[in-house]
């Protein structure tokens with residue numbers, strides 16, 4: 001064939017060997033509009049909120065959202081844990097656009113339109129399942145000092161349906177294009193069957209499946225769903241509070257975070273070609289990383305405490321930074337360095353927002 005004589009292959013060699021394709025990173029979760037405000041202790045007490053927690057809204061929180069908007073100076077940001085991480089990863093990757101894919105459910109309303117436009121602005125390839133039974137989900141971020149208490153009203157986010165969205169050929173094709181998958185544990189409360197379908201696909205095709213413990217209540221009240229997916233998890237993320245709750249629920253009988261990481265790393269695993277890695281962040285304290293060989297502590301970047309504006313999204317940003325390097329098969333130390341960098345940028349700004357370009361080398 002004449003085509004074989006054309007000097008096309010040569011041109012390819014000049015390009016970076018790790019050139020990324022669109023949709024290389026896949027995320028699925030709860031798309032929420034964050035409504036954040038600096039509040040006082042009285043407000044937290046009134047709604048019996050802990051200063052640093054993530055919970056799902058109950059009946060007693062019905063008035064919270066209205067009161068937050070009326071009483072305090074609020075800011076609206078496109079949020080939702082996994083969606084935040086996809087945006088940060090895409091920001092760190094820069095080119096190509098749409099390297100990160102995101103699936104989730106929204107309502108057909110103003111907030112839904114905001115989420116769509118914000119995802120497009122961030123160059124994330126978002127494919128929402130849109131339905132009109134529930135409005136787009138919101139998350140109240142109640143900030144006091146360096147703490148944030150999150151109250152999520154999932155609404156539409158809770159309506160994601162595997163058979164109505166994930167299973168559709170055009171959507172599943174995007175799953176097949178990815179090399180790395182990330183789902184926040186929060187999504188186990190919505191569609192565990194969707195999480196399992198993606199996790200199994202990753203294991204069968206020797207691709208990297210990553211999950212976040214997300215919040216203490218996931219390990220407590222969604223233990224069965226969490227442990228059903230755990231054998232498929234190649235990289236597990238979490239913070240120190242989530243790690244402690246997970247250890248207690250699993251009967252690890254230790255409060256030492258390194259030991260918790262080691263025991264979690266050793267839990268049963270389906271794809272034996274990949275050793276599990278467990279990564280626990282601890283705010284300003286060292287990030288703990290357990291691999292098959294050892295447990296290591298990585299110090300975070302020195303941060304002037306006065307510069308910290310809003311720690312909401314720091315964990316999501318860490319994951320986003322980490323994944324941005326993982327898709328290019330960078331070593332673990334580089335992935336962690338990128339995670340620490342991204343988190344350090346995000347905590348100096350309100351919401352999970354970032355400047356135009358990263359300064360990471």
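Each residue's number is its place along the chain shown, starting with 1.
Every residue, even glycine, has its Cβ placed from backbone N, Cα and C.
Note on Swiss-Prot: of 7-15, 16-24, the range annotated with the feature motif 'Nuclear localization signal' is 7-15.
When the recorded positions 34, 147, 316 are compared by Cα distance to residue 76 (phosphotyrosine), the shortest distance belongs to 34. Within the set of recorded positions 34, 147, 305, 316, the entry lying nearest in space to residue 48 (Mg(2+) 1 binding site) is 147 (CA atoms). Residue 34 (adenosine binding site) sits 16 Å from residue 147 (Mg(2+) 2 binding site), taking the Cα positions as reference. Note: the Cα of residue 316 (active site) and the Cα of residue 305 (adenosine binding site) are spaced 20 Å from each other. Within the model, the motif 'Nuclear localization signal' (7-15) carries an average pLDDT of 41. For the recorded site, residue 76 (phosphotyrosine), the DSSP three-state label reads strand.
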